[in-house]
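Reviewing the structure listed below.
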Ligand SMILES: C[S@@+](CC[C@H](N)C(=O)[O-])C[C@H]1O[C@@H](n2cnc3c(N)ncnc32)[C@H](O)[C@@H]1O
C-alpha cells in the first residue's frame, strides 16, 4: 500500500518529466501521469505541484545548488524530488513533515540521504523565494527586458475571468458572483471554486475566458444594422470562446476547426449557452467557402507563450524551432483567410503568444502583401489601463493590469479589405 499522498507526488514528478524531457504540455501529459492518482483533490494537488515547479524552477534550483557541495546533474532524480518538496513548502504551504513523508520515499539509499540533508539544511535556513520568478534561461534570452514584465505577472496564479452572454447584465452578474468587472461583458472572480457549481453555469449565462482572449472578438465589432444577416467566419474556433462572443453579438457564425474533440466541446458550449453557430470540422488549408464573408476572425494556432501564468510548461517547452514552425503556419493561414473576405469586410488576427515573430512580424507581412488596409484599434475599445501600440495594434503581456490581477499575453491586429 502506498503512503497517502505519495501517488500525487509521483504523478507530479511524471508531469514535470513529460514537459521537460518529452516537450509535452501539462494537459497532454495529464491523463497518463495522473492515471494512478485517486480523487480530484490529489489530482489537483499533483498538477499544482508540477505547475509551481515549472513556474519557479530556476529559483528552486538555485536554492538546491546553494546547499550541495557540487551541483546535482540537471536531470538527477534527487534534484527533481527536491524541487517538488521545496515547491510544496515555499508555494503551497504544505507542512515540512508532510513534505518529507511523501517526498523521501520517492528515493532510496544515498540519493534519499542526500535529498533529506539538502531539504533539512534549506528549511533550517528558512529560505524563501524571490518576489518574482526567474525565467528559464531560454525564455529570458529571447525576451530580454520584456521578460521582466512577463515574470512580474507570473508570480501569482491568475484569477478566473468569465465572459457574459449578455454584457447588458454585467453589474448584476459581478454582484451575484462576488466578482469585479474590468469591461462590460467581463467578470473576474477568484480562482479555486469548481466552475460548474457557480451560479449561471447551468443556464449558460457565461463561459470561462481570459480578459485578453475576449478582445479579438470585441475588436471585430458588431454586425452593421439594417444590412440583413452578416456572416462571420471564426477560423480555428474550438473550443468556441470567441464563437460564443460573436454569436452573442448578433453575427451569423461559421466556426471552423480541424480538431474533432475540440469541435465537440465547441458544440457542447453552444448548447449550454443556447447560442447558435454552424460548426465545421475541417482543415483551413483544405477547406474552401462557397461565398465570401463580411468578417473573419483568425485566432491562429501559436506557441501560446502568452498563457504562461496558467500553463507554465510553455516557459520550458517553447524555443526558436517551435516559434518558426508556428510563424510559418500563421503566415499561410493569414494569406488564405484574407482571400475569403468581401470588399469592405473586416479581418482580425489574434495569437496568445508573446513572440514578435508570431505577432508584429505577421501583421507587417500582411500589410506588405497589399489588398487590406489596417484599421487601428483605439484606446476606448480596450479595458482602462491598456493602450494600443504605435501601430494601432494590441500587445498585452502578463505584467499588465497587475494590480487588478493581470491578463494573458495576446497580439491582435485588424484590417479592412479594399
Ligand atoms: C488558439 S486555439 C483556438 C481557440 C478558440 N478560438 C477559442 O477562442 O476558443 C487554435 C485552434 O486552431 C486549431 N487548428 C490548428 N491548425 C488548424 C488547421 N490547419 N485547420 C483548422 N484548425 C486548426 C486547433 O485545433 C485549435 O483549436
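In case you wondered, yes, glycine gets a Cβ from its N, Cα and C as well.
Feature annotation from TrEMBL assigns active site, nucleophile to 352. Taken from TrEMBL, the feature S-adenosyl-L-methionine binding site applies to 236, 237, 238, 239, 240, 241, 242, 257, 283, 299. According to TrEMBL, the coiled coil annotation covers 256-283. The domain 'SAM-dependent MTase RsmB/NOP-type' annotation in TrEMBL covers 121-418. Taken from TrEMBL, the feature region 'Disordered' applies to 372-391.
For the region 'Disordered' (372-391), DSSP puts the residue distribution at 3 helix, 3 strand, 14 coil. When Cβ atoms from all protein chains are considered, those within 10 Å of the residue listed as 'active site, nucleophile' total 26, not counting its own. The binding residues for S-adenosyl-L-methionine are recorded as 236, 237, 238, 239, 240, 241, 242, 257, 283, 299; their greatest pairwise CA distance is 19 Å. Each of the binding-site residues 236, 283 was ranked by the number of other C-beta atoms within 10 Å, and first place falls to 236.
When secondary structure is read from DSSP and collapsed to three states, residue 283 (S-adenosyl-L-methionine binding site) falls in the coil class. Note: the Cα of residue 236 (S-adenosyl-L-methionine binding site) and the Cα of the residue listed as 'active site, nucleophile' are spaced 13 Å from each other. Counting only same-chain residues at least 6 apart in sequence, those with a Cβ under 8 Å from the Cβ of residue 238 (S-adenosyl-L-methionine binding site) are 255, 257, 259, 262, 263, 265, 266.
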